[in-house]
Amino acid sequence: SIFVNLKSRLFRLIQSSKNNSAVSIAAANAATILNTARIDMSYQNWDKINIPHAILDHALLEGTSFKEAILDNVSFFRACLRDANFTNASVNQINFGEYGHLKGHSDYVFSVHFSPDGNRIVSGSGDKTIRLWDASSGKQLLCLEGHSDSIFCVQFSPDGNRIVSGSADKTIRLWDASSGKQLQSLQGHSDIVTYVQFSPDGSKIVSSSWDTTIRVWDASTGKDLLCLYGHSNYVYSAQFSPDGKRILSGSWDTTIRLWDALSGEELQHFGGHSDNVNSVQFSPDGKKIVSGSYDTTVRLWDVSTGTQLFCLEGHSAEVFFVQFSPDGEKVISGSNDKTIRLWDVSSGKQLQSLDGHSEHVFSVQFSPDGNRIISGSADKTIRLWDPSTGKRFQSLEGHSDSVFSVHISSDGKKIVSCSSDKTIRLWDALSGKQLQSLEGHFSYVNSVQFSPDCSKIASGSSDRTVRLWDAFTGQQLQCFQGHFDIVGFIQFSPDGNRLASCSVDRTIRLWNILSGEEIQSFDHLEITYSVHFSPDGNRIVTGSFDSIVRVWDIASGKEILSLEGHSGFIFSVQFSPDGSRIVSGSNKTICLWDASTGKQLLSLEGHLDDVYSVQFSPDGKRIISGSSDKTIRLWNAFTGKQILCVEGHSNTVKSVQFSPDGNKIVSGSWDTTIRLWDLSSASAADDGKQSLSNVNKKPILWKCIWQGGSCLSLKDSTWKDAKGLTFLQMSVVEKYGGTF
């Protein structure tokens, strides 16, 4: 009996905290419980509520008003706070799940480094300055000027009292980390200084240069002690071993070399990279080496034998920097592909990809305790990351990269999604809980679909395969091989016995589900991105990069209709439930066609960018579309009038689908989330008579029920006079579209 009307009682408890601070802990617990139960808390009037320490991770709080509320220490990790109002709210030590970024440099940030105690950060930039920052608040403490050209490397001394810097002005400089005063200028290199580092005891400095040498300096006197020759091209990285007895170097001659730090003798030569080596580092125990290269790979080496342990592939462009975690169990890498990636040293597997920089990442580093990561980028920002929450997000809360396709089972109970993170995930359609993660593809998974009887899942991937999975156990049943390029889209036949797939190899192939054999192949003149069976299973329709929609007779394998009218790539095609019409989506336009004659019936216009997904409702009366303009739009399938336009995703909407009863829509986006929307009350507007002036109003009829996976959403949230935000937190609000 104590649980009767629990939900409404919990909401009342939160409301009661407005006038009674004595119930603040209970109110915070009530909000946490509602959120854990995946209850939608959007559009609430929560002005002046008092819920310190509430856990609202992944919460749906769109449009909720928190004016003058006490929200100290509340966790909003990956929460949806779009249009929320935090005016005059107390938000001391709130958690967004990311640290934000430090702004101040006016050019590329080439190097970043934590102080030994983790309390400060030093950065070097193309703007010729070195800046010192408070790592907690993001406040700039000092700006050091003296170099006459770009600064490529900065680092604290082991005791944190000095800073060393290397520059394109060919000098190395030492600075007092407290006052910012320049202590020394070391000259000897005849070209750009690319890297500098203190020895473990702080008595020496090692440097590398475009002059192809590595030099060792006395950190007290500035005397040039040793010059190491051997590389035949620019040396971009030089490192002392943990015991200070050896030096490791990486060069654009594609080699890694090991040297005796006292004699300068070359001890070992590591070859394996096929392009410039930009960064090298010893593991904390000195037994392994990690290297990053222009060949896009990160490699792990055994120091004693010189053998390569792992070649870590995942970056799509040059790797600029690599580093071991303090415990030696992970490696971090920064790349020209704008991402930071986290790797497991023991297995060589990628753990995480951190996206946020808008330009290439030059420098990455773990904090001394391993709980934070700092990065410097060509986008002129320094960003802080929490690898523990990032890992949690990937392993427990959904996709870690763009969602390419979503599909609801025919009984409406489950949703399947796939992503560029190479996984397929299964979700409970009622609660939004992730049920399973299916792994097996070696590259992006571009398309997924349930079989008509819900017992199987099919997937198509950039690894050129089509795979069949058991929807209950997650076990892989079949791997269909035959395509020799990316598989873009797959679909089951209405009877569930066949599977159609289309590919960048310009073919459409039909497969037998039971035997795994290829039944038929249709040759296309251009890349085909979408395929769909007619309701009777006798025809298929395809959409192509040549702007033509084609209809094929399966029995004869012949093309029977060619529908021309689009002016760009066709990303999505579908037959109507009765098979009499075809809908297609292209660049900004959606076209309806007569499936018998090929005559164009309607052209639906409203999207501002490419239309990636279109689908008829189960009754054929409506059409849903998803686009690169980040919106989902609902259309009358007979008049072509736009009924609703909904915003919510923060990136391209790649896939949309109706539920079997037509009352819900599921969407998948490049923002890594899957959203389920309630359309049950939208039928009143579904008469095609809604005026255009009402089309773009805030979505009251169209309500997001749950969000699978998630990304922080702060667009149009208001933070005027909010109390307690740090510089770093303000940068997060600004980054995601909040205003002050």
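A Cβ is built for glycine as well, from the same backbone N, Cα and C atoms used for every other residue.
Keep in mind that TrEMBL annotations are predicted by a computer and have not been checked by a curator.
Annotated repeat 'WD' per TrEMBL: 102-143 (among others), in sequence order. Within the same chain, residues 149-156, 158-160, 163, 165, 167, 175, 177, 180, 359, 362-369, 372, 374-378, 380-384, 726-728, 731 sit at least 6 positions outside the repeat 'WD' (102-143) and bring their C-beta atoms closer than 8 Å to a C-beta of that stretch.
Residues or ranges marked as repeat 'WD' by TrEMBL: 144-185 (among others). Residues 107-108, 110-117, 120, 122-126, 128-132, 191-198, 200-202, 205, 207, 209, 217, 219, 222 of the same chain sit 6 or more residues outside the repeat 'WD' (144-185) yet have a Cβ under 8 Å from a Cβ within it.
Counting residues 6+ beyond its ends, the repeat 'WD' (228-269) has Cβ neighbours under 8 Å at 194-195, 197-201, 204, 206-210, 212-216, 275-282, 284-286, 289, 291, 293, 301, 303, 306 in the same chain. Taken from TrEMBL, the feature repeat 'WD' covers 228-269 (among others).
Counting residues of the repeat 'WD' (270-311) by DSSP class, helix then strand then coil, yields 0 helix, 23 strand, 19 coil. Annotation source TrEMBL lists repeat 'WD' at 270-311 (among others).
Helix, strand and coil counts from DSSP across the repeat 'WD' (312-353) read 0 helix, 23 strand, 19 coil. Positions annotated as repeat 'WD' by TrEMBL: 312-353 (among others).
Annotation source TrEMBL lists repeat 'WD' at 354-395 (among others). Sequence-distant contacts of the repeat 'WD' (354-395) (same chain, at least 6 residues past either end, Cβ-Cβ under 8 Å): 77-78, 97-103, 105-114, 116-118, 121, 123, 125, 133, 135, 317-318, 320-327, 330, 332-342, 401, 421, 709-710, 728, 735.
If you look up TrEMBL, you'll see 396-437 (among others) marked as repeat 'WD'. Using a Cβ-Cβ cut-off under 8 Å and counting only residues 6 or more beyond its ends in the same chain, the repeat 'WD' (396-437) has close neighbours at 38, 58, 78, 352-353, 355, 443-450, 452-454, 457, 459, 461, 469, 471, 474, 651-652, 654-661, 664, 666-674, 676, 705-710.
Mean pLDDT for the repeat 'WD' (438-479) in the predicted structure: 94. The repeat 'WD' annotation in TrEMBL covers 438-479 (among others).
Positions annotated as repeat 'WD' by TrEMBL: 480-521 (among others).
Annotation source TrEMBL lists repeat 'WD' at 521-562 (among others).
The feature repeat 'WD' is assigned by TrEMBL to 604-645 (among others).
Under the heading repeat 'WD', TrEMBL lists 646-687 (among others).
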**Fill in**
Same-chain residues at least 6 beyond the ends of the repeat 'WD' (438-479) with a Cβ under 8 Å from one of its Cβ atoms are 404-411, 413-414, 416-420, 422-426, 485-492, 494-496, 499, 501, 503, 511, 513, 516
**Complete:** Per DSSP, the repeat 'WD' (228-269) contains 0 helix, 23 strand, 19 coil
